[in-house]
Amino acid sequence: MKLITILFLCSRLLPSLTQESSQEIDCNDQDVFKAVDAALTKYNSENKSGNQFVLYRITEVARMDNPDTFYSLKYQIKEGDCPFQSNKTWQDCDYKDSAQAATGQCTATVAKRGNMKFSVAIQTCLITPAEGPVVTAQYECLGCVHPISTKSPDLEPVLRYAIQYFNNNTSHSHLFDLKEVKRAQKQVVSGWNYEVNYSIAQTNCSKEEFSFLTPDCKSLSSGDTGECTDKAHVDVKLRISSFSQKCDLYPGEDFLPPMVCVGCPKPIPVDSPDLEEALNHSIAKLNAEHDGTFYFKIDTVKKATVQVVGGLKYSIVFIARETTCSKGSNEELTKSCEINIHGQILHCDANVYVVPWEEKVYPTVNCQPLGQTSLMKRPPGFSPFRSVQVMKTEGSTTVSLPHSAMSPVQDEERDSGKEQGPTHGHGWDHGKQIKLHGLGLGHKHKHDQGHGHHRSHGLGHGHQKQHGLGHGHKHGHGHGKHKNKGKNNGKHYDWRTPYLASSYEDSTTSSAQTQEKTEETTLSSLAQPGVAITFPDFQDSDLIATVMPNTLPPHTESDDDWIPDIQTEPNSLAFKLISDFPETTSPKCPSRPWKPVNGVNPTVEMKESHDFDLVDALL
């Protein structure tokens, strides 16, 4: 148990330990604003005419620790009302009128030196004037070291030179190739200084056979690896004038050159033209040996190998299917023979030995029939994921629904002997069909008075087992429990106990005594006695109409007695599970606008709203 706990905690900590050095942070961070302030101040100081630009908002930011802290920024600016010659800073300026103001977007890399000093390494701004084409302004700090992308095209000549330098100045038996560039920095001097950190991997090309890397040289997964840190200076003529390299090699697994196996089977593509002759001989052999009346045809080739053994030996696995061409009317199998979708299917293993110089072919084929699956017929519209229980009763077949949380097991009724009491009940129904549990149907009289045999509660007459849904004799004497919220001359019981013991036990039953014509009711779709419901005539509507009661019974406390009470603490694991996905957080970028534009609140975006019109909803 302790080991499982440790592994679980480690799996949660590993993602945090393997995070990259570059990470996104909040655009409203104080240090981010200071970095943007340094970048925008630097841009304004480079311009000698026109107005200063004012920050609108920061759109993207990422921090890199390598080992100094660098901020990669993207922010939007708007032209202000302060001239460049004024002694004001951009923070003291307001936005110029939008119709006449220029806008722009800048991308910058800013280094943080110490705790408070920010210096701009590189910056590019795209300015869109109120009238005229877009103007691009670039700035690169002379002498400032700043990180660059590991996929920068400027690194390609440096890396190419570095790999060649390593292969020429090491005593390793094989050539190495670039594996991954991990980190790169650039500095503008009288030329450019580069510092690159990358990994290398051993290839399959030995120095005895190859003097330099070629496209045939591939990195070995089990070969030696290394990690290098290089420093290079590229002059203004784009030549590498100085270079230094430091590499650490790590031995891999024992490298063994692949052995060439003469005579071993080699896999070949299943659609290779070399298989055509072998397949033709295989299917001809199959049709000659099979005693069926129809020809077989190759449907699918699963796999194939070829082996050089005094010739060529083909081993083929394929699926053959019976065609519509009979052997009696066709001398041989032709391409026009179509596959019989209801015919026999064979799984075949063929070995074809071809001796080209003798022009002889020796095929052998072994086939096994594949089993055929027959589908069972279901009632129309009936899903295989639904189950219906069919119960035999006297003279009829009843379809019952699966039990739900509101229906007890049917055996409760049969096992309950308390419902055999000698209590007589009288029911009164003044020409109305009241939708209560246990309303029975019988001979309709003016006042509908009578007695009946009951095993459920309610006003019903006849032999009934549930809700009084059935036809029977209106006049009769029987024993059973009665419940009537109106007039009841029988004994009064608590309504909870008989309801739970008898409600929802059987789906529907039909009396086997009398079939008399009754008034038209909503229950005319009930199953008639002596008529069995067969599956071809069975419909979903029949199932629903037969078993759904008119009204649902009231919910009781005892209905949920089968659900156990689980005691949990509010702060327990049952309430606070560890999610497999990161929690969603509010977006960190873009930042809030620096100040309002034309009187608009910078923290609230105003949207035009219209009153709701009913016509819009109807369109």
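Placement of Cβ uses the backbone N, Cα and C atoms for every residue, glycine included.
Values in this document were obtained by computation on a predicted structure and should not be read as measured data.
Candidates considered were Cys82, Cys106. The record in Swiss-Prot pairs Cys93 in a disulfide bond with Cys82.
Between Cys325 and the candidates Cys337, Cys348, Swiss-Prot records the disulphide pairing with Cys337. Of Thr324, Thr334, Thr568, Thr603, the one with O-linked glycosylation site in Swiss-Prot is Thr568, while the others lack that note in the record, though it may still apply to them.
Disulfide connectivity taken from Swiss-Prot links Cys228 to one of Cys217, Cys247, namely Cys247. The candidates are Ser199, Ser404, Ser579; Swiss-Prot tags Ser404 with the feature O-linked glycosylation site. Residue pair Asn204 (N-linked glycosylation site) / Asn280 (N-linked glycosylation site) shows a Cα separation of 41 Å. Neighbour count (other Cβ atoms within 10 Å of the Cβ, all protein chains): 15 for Asn280 (N-linked glycosylation site). Predicted-model confidence for the domain 'Cystatin kininogen-type 3' (270-373) is 90, expressed as mean pLDDT. Of the listed glycosylation sites, namely Asn168, Asn204, the sparsest CB environment within 10 A is found at Asn168.
In this structure, the CA atom of Asn168 (N-linked glycosylation site) is 56 Å away from the CA atom of Asn280 (N-linked glycosylation site). In the three-state DSSP scheme, Asn204 (N-linked glycosylation site) falls into the strand class. Residue counts for the domain 'Cystatin kininogen-type 3' (270-373) by DSSP state, with H, G and I taken as helix and E and B as strand, are 18 helix, 52 strand, 34 coil.
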